[in-house]
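Per TrEMBL, region 'Disordered' is recorded for 252-287. Among the features that TrEMBL reports, transmembrane segment is placed at 12-36, 48-66, 86-104, 111-130, 150-170, 182-202, 208-230.
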Amino acid sequence: MALGETGNFAAYGFAPITLIAPLGCMSVTGSAFISAMFLKENLRASDVLGMTLAFAGSYLLVNFAPNISQAISARTVQYYFVGWQFLIYVILEILIFCILLYFYKRKGMKHIVILLTLVALLASLTVISVKAVSGMITFSVTDKMQLTYPIFYIMLIIMIASCVFQVKFLNQATNLYSTATVVPINHIFFTTSAIIAGIVFYKEFLGAAFLAMFIYFFGCFLSFLGVLMVTRNREKEHLPQSYIDLGNIPGKQTLDKIQPDSNGLSRGTLPDGSDSTKSQSGEKKEV
């Protein structure tokens, strides 16, 4: 995972956000394939179809994403950072974040859309700062040292802070909802926010042809659909066994599902016409 995240971080220094972020669908489809090989999980027809759609979408993304080679220097980041487009974007994002946080904290509304929208809003700042930090490090290695500029450390602080709070809200979502529900919605929200951030901050679609943009977003749609197909109904395959099934015992009328008392000595009870049983101390114990 450390090597994978290092490669993901480095990729932002060489390629546009609008290309790197949607390719996260490959991790979901790859996990389904690896689980079938090593964990012996069933590879369903919907998994094969979902992986095919994700591969097709990724092919379109790679071929029709903005083909720009942008050197990210400290001066470039400073110019984008104080641009009116980004300032309006940040103000709107802060307002939406505060409203959702109010409903989440004060009103107790813990719907998955609210939680993952908070994650997505933070993720947009994460990808902006990650690309800035990675790009300035790359520029320092290939050209001129950029780590002496204050904007590098501002972006580094934004990257760390947004990552920490993003993980916090994502953990709360996984505690309340199943992973099979959180993963596809989070992928769609994260990718959408990352694409918007790349367009607003780094102007990655500037001068792009309409046909290329249409095919690009169609590729995003295919990748989203592929992730949904792979994760669809996945949680139903691993339902916990919350009861003991005694089956049919000859000569006894058994309860279909008997829940044992975790705090008592008994492990289930057969109905014998009485409403109480003797405990070890001889006292009556209610069933």
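Cβ atoms here come from the backbone N, Cα and C positions, even for glycine.
Contact count against the transmembrane segment (208-230) (Cβ pairs under 8 Å) is highest for 48-66, out of 48-66, 86-104, 111-130, 150-170.
In summary, the transmembrane segment (12-36) does not lie against the transmembrane segment (86-104): fewer than three C-beta pairs, each 6 or more positions apart in sequence, are under 8 Å. Counting same-chain residues at least six beyond the ends of the transmembrane segment (111-130), those with a Cβ under 8 angstroms from any Cβ of the stretch are 9, 12, 17, 21, 93, 96-97, 100-101, 103-104, 155-156, 158-159, 162-163, 165-166, 169-170, 172-173, 176-177, 181-182, 185-186, 189-190, 192-194, 196-198, 201-202.
Note on the transmembrane segment (86-104): residues 80, 110, 114-115, 117-118, 121-122, 124-125, 196-197, 200-201 of its chain, located 6 or more positions outside it, place their CB under 8 angstroms from a CB of the stretch.
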